[in-house]
Amino acid sequence: MGGGIIGFIRSIYQLDTLDTRFTTPSSVPYKLAAEAKNDPHGAQEGGLSKGKKAERSKWSTPEFYLYYLVFLVAIPYMFWVPFEVSRESDPRYPKFQRYLSDGWMLGRKVDVSDIQLRTIRGKIPHIFGLLVVQPLLRRVWKLFKPTRLEPGASETSPRAAEARLEQRISFDAFFGAILLTALHGTSGLKILGLLWLNYQIATRLPRKVVPWATWIFNLYILVTMKVYDGYRFKTFVNLIPFAPDSLLELASWMDSQQGLLNRWHILFNITILRLISFNLDYAWMMDRQGGSPIEKKQLDPASLSERDRVGTPAPKSNYSFRNYFAYAIYAPLYLAGPILTFNDYISQCRYQSASIELSRTVKYGIRCLLVLLAMEFVLHFNYVNAISNARPDWSSYTPAQIALLSFFKLHIIWLKLLVPWRLFRFWALVDGIDPPENMLRCVSDNYSTLSFWRSWHRSFYRWTLRYIYIPLGGSNFRTLVSSAYSIITYLAVFMFVAIWHDVDFQLLVWSWLIVAFFLPEIAAGYLFPRKKWEGRPTAYRMLCCVGAVGNVLMMISANVVGFGGGVDAMKALWEGLFRGLSGISFLTGSCIALFVGIQVMFEIRQSELRKGINLKC
């Protein structure tokens, strides 16, 4: 019984439970990969290689026993320092006490002073309610609108797929319209208008103009919807010369009917990504007219690989406004994602992904609850947001306290994104759609700037790869000219990411810092190629670890600037670290702890390689 419980707990934390995309190559259909898992010969035929590049395990070596001792000291210390300054006995407690609320865990207060975090936490019961209601309504819809097949017809036949597509899309459009009205009230008309304009760009303009017009239109919307506070009706009426008072009153009334989420434009960023996806998928479909790619490749449409689902255009008839509306306002993913491309959405509406299994979905749901519990634990025992909001005298804090408060602030940012992303993805899985997992690793389990970007908001990373990075030509650092162009490509990607988050100079600085921090890592890869160190693997691992420690320090600095308090916060952090012997001692100890932690990160990735999994992050 005990072994069974331990095995079940371990299975909850397997990569396959998180997302089958992590354990199945994108070019291999999941059904084929699942069949090949227990067959070594079949695994090789299916494109699954077992640990070809992996090193021998180091978990039971004397080196790693030493690292375990460091962990036993460092991890409790990292939790204790922020907890100690969050206690009522701390003399600075009265300064930030007003930002705390009544909690439910062990008589502690809870720090929900961050507005975004407080909103997310307050909406979790509503999300769980929708998670139950929407799939139940879909079942009712199926009863009233069943798929009618000819006698003897297979459920995987093209006609059955079209019938399933029609059934799902019709419900998604219907429920999406209700959701839009409930969430945004009269502002739903603005969203509908923007969707219509974007659709006209895709379907009315000449093919060569569509990508340029799509980007210009959507970038304009990204900037102006913030500047004009969501395009208030009264603002437009005021532009009309001699507008009657009755029209102004009507506009004011419409502005007051804003639904449950009155600031619709704050959450519209994620929808803009879907608008761009539809338009570019449509434009690329027009380039590939003349026969079905699935038939040309002789693929099974009911068992496509993820690469084929994303890259294979839907039939032209599927690019209708209704399908586009259903995709853009698909309820489980509407507010926060993860991001699913239009092609993938249509493909999964036709044929449910084989990766959706009841046992995996249940385990994923348990994992969601555990993440929610972890967030509650941190908020009850670490009051970093309240301390920051009270504008403290940072000189009264030791370098260790400043550094670890900043470190945990990044973890709280990670948690407040992880919780809704996981819950919304869980909702989609329950509803029969498998979107990409957004967070592959904990924010602490990253040592590479490039790899961090691949694992943080992963669906957004994949979206930028498909719609910005690859169309711009990718990267090539072999010559001076190609290197300069590659840097421009990286800047274009990350400046878009910054503008997409918010029109804020601080975030632009963050995007420049991220690109600047890419360059040393890329240069190190060329200066110290693995092939030249094949005879000295341990020396190479130590060298990489030293570079990775520098990378982590740079990443912490960049994210403190972008999301943790700005340039001033970063300056205060580094000034504190170099303020006297205590600061330098803490920095030295931190670098040693990071060195040990990164060695463990290396070995985690080697363990994955030994199982035939290469996540490249």
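The backbone N, Cα and C atoms fix where each Cβ goes, and this holds for glycine too.
Straight from TrEMBL, the features:
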TRANSMEM  65-83  transmembrane segment
TRANSMEM  173-197  transmembrane segment
TRANSMEM  209-228  transmembrane segment
TRANSMEM  324-343  transmembrane segment
TRANSMEM  364-381  transmembrane segment
TRANSMEM  401-419  transmembrane segment
TRANSMEM  480-501  transmembrane segment
TRANSMEM  507-528  transmembrane segment
TRANSMEM  540-561  transmembrane segment
TRANSMEM  581-602  transmembrane segment
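If you look at the transmembrane segment (401-419), the same-chain residues 6 or more away from its ends with a CB under 8 A from one of its CBs are 78, 81-82, 85, 114, 116-117, 120, 124, 368, 371-372, 374-375, 378-379, 382, 384-385, 387-388, 394, 438-439, 442-444, 457, 556, 559-560, 563-565, 569, 572-573, 576-577, 586, 590. Away from its own ends, the transmembrane segment (324-343) comes close to residues 130-131, 134, 169-170, 172-173, 175-177, 179-180, 191, 195, 199, 267, 270-271, 273-275, 277-278, 281-282, 309-314, 420-421, 424-425, 427-428, 431, 433, 435-438, 458-460, 462-463, 466 of its chain (Cβ-Cβ under 8 Å, at least six residues beyond either end).
Proximity of the transmembrane segment (480-501) to the transmembrane segment (507-528) is established through 3 or more Cβ-Cβ distances under 8 Å for residue pairs spaced 6 or more apart.
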